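S.K.: What follows is a single structure, and I will ask about it in a moment.
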Amino acid sequence: SAEKLDQFIDYLINRLIVNNSDHQIITEVFYRLLMTDCADLSLFTTISVSVSGVHVYQWMVGCEWDDDAKEVKGYYQDGYDGEDFIAFDLKTKTWIAPTPQALISRQKLDNEKAGNTQRKQYLTEICVDWLKKYVNYGSSSLLRKEPPSVSLLQKTPSSPVSCHATGFYPHRAAMLWRKDGEDLYEGVDQGEILPNHDGTFQMSVDLSSVKPEDRGKYECVFQLLGVKDIVIKLDKSVIKTNEELEKSSGGSDESSAESLNSKTSGN
């Protein structure tokens, strides 16, 4: 551990080695924390000394920023062989040991008052400042809203009707079936939200057991925050079947995600 810390000899008197750019300062502060924690890895040998085989040490550091609530959350924790080992309490600047094996580490880390103050500063100030910068740099991409094209698909006349939306962003979207204006849950199979190759997303919701005379009572609704609801009435004339898709695409399966004309309504 002494060798690890020698390159940061000025750290002992709390003086930065490089200070000519924010990037270098942030990197150095973070790297010092990393080296300090790596120096503590010897604590893990007390756990595994009597156990043969390969062991895994995990280290997770990060922050969350809620601009609306003006709240900052930070996490700084270690894991051992897939289990929580020790975690930093941001409010008290102390450590939590969920297992008896971590008690020695907790005592040692709790005594590092200066290091714990620096960890809190990194999580609540430095990390958040950089997070805000990254969000600002990528706002045109990260905060964009892209509505999807929505289609009604059906393999055979007796198959479930699938409401398929593709090309939307971000992924925090919802899609559902309604009957007579009421949200429908029975006979509905909700699919997962899946990524597309271009960074957008797609999803499907299947509806089964629909009587021909009741088709006009159903509608598929796609919802994305900040975008008007997209509503498609269940009508035989707008349902794409396998046969129609093959004719329109020359036998290619790629057209299964092509859109139909959809109706847009307000929330």
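Here the Cβ of each residue, glycine as well, is placed from N, Cα and C on the backbone.
Straight from TrEMBL, here's the annotation block:
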{"type": "DOMAIN", "residues": "148-220", "note": "domain 'Ig-like'"}
{"type": "REGION", "residues": "243-267", "note": "region 'Disordered'"}
{"type": "COMPBIAS", "residues": "248-260", "note": "compositional bias 'Low complexity'"}
S.K.: Run through the domain 'Ig-like' (148-220) and tell me, per DSSP, how many residues are helix, strand and coil.
M.R.: 6 helix, 40 strand, 27 coil
S.K.: Calculate the per-residue pLDDT averaged over the domain 'Ig-like' (148-220) and state the result as an integer.
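M.R.: Looking only at the domain 'Ig-like' (148-220), pLDDT averages out to 93.
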